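What Swiss-Prot records for this protein:
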COMPBIAS  1-10  compositional bias 'Basic residues'
COMPBIAS  75-84  compositional bias 'Basic residues'
MOD_RES   S51  phosphoserine
REGION    1-31  region 'Disordered'
REGION    74-105  region 'Disordered'
MOTIF     55-61  motif 'RAD1-binding motif'
MOTIF     125-132  motif 'D-box'
MOTIF     174-178  motif 'KEN box'
Amino acid sequence: MPPRKKRRQPSQKAPLLFHQQPLEGPKHSCASTQLPITHTRQVPSKPIDHSTITSWVSPDFDTAAGSLFPAYQKHQNRARHSSRKPTTSKFPHLTFESPQSSSSETLGIPLIRECPSESEKDVSRRPLVPVLSPQSCGNMSVQALQSLPYVFIPPDIQTPESSSVKEELIPQDQKENSLLSCTLHTGTPNSPEPGPVLVKDTPEDKYGIKVTWRRRQHLLAYLRERGKLSRSQFLVKS
């Protein structure tokens, strides 16, 4: 199909100008008539001192905006702006008086101490051992712990003394009685008594039979003997 011809938009006509106001007032009922202003009040004016009006402004911001951001001039040697150069910020950076403290210093307990930096290849070749587990810390030697990049430093906790002396003082009969009492207490708790049975289980020979005929077994047997009831009528559709 040939392309459609582009129609020129009709030029907007200028609004009609009325040299005289309507004699009967505004045509719309919702519009209110404007009364001439007759009562005017004269308020004493105070001259503005431009030297003191900006006295509270910081001197860093006294520079005019035009000097910082000159107006863009079109068609002015675009080849110069093709290669962008790193520009420095026109405003100074903010400086903080006190350095920010890390979260570990606020806690007061150094949990992890970083060892001297090592290459990533050496660290990746080593076997993965959970350093923070107490069993691995007990089995590993001091040199192996020092060779790892991160070492767990446990807090100062007093370990209890060995109870070998106390075990010698306890007789053998008392030990056996305590073991029997522990096994009795740690057994499975007594299960609560079952409540009343709300719905009985369906026997296997009645699976697939509709509830209506399951409750009327004598009627179901009578109709099946007479051949007046098909299987699709009393069996559940699967």
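Placed from the backbone N, Cα and C atoms, the Cβ positions cover glycine too.
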Cβ-Cβ neighbours of S51 (phosphoserine) (radius 10 Å): 7
DSSP residue counts for the compositional bias 'Basic residues' (1-10), split into helix, strand and coil: 0 helix, 0 strand, 10 coil
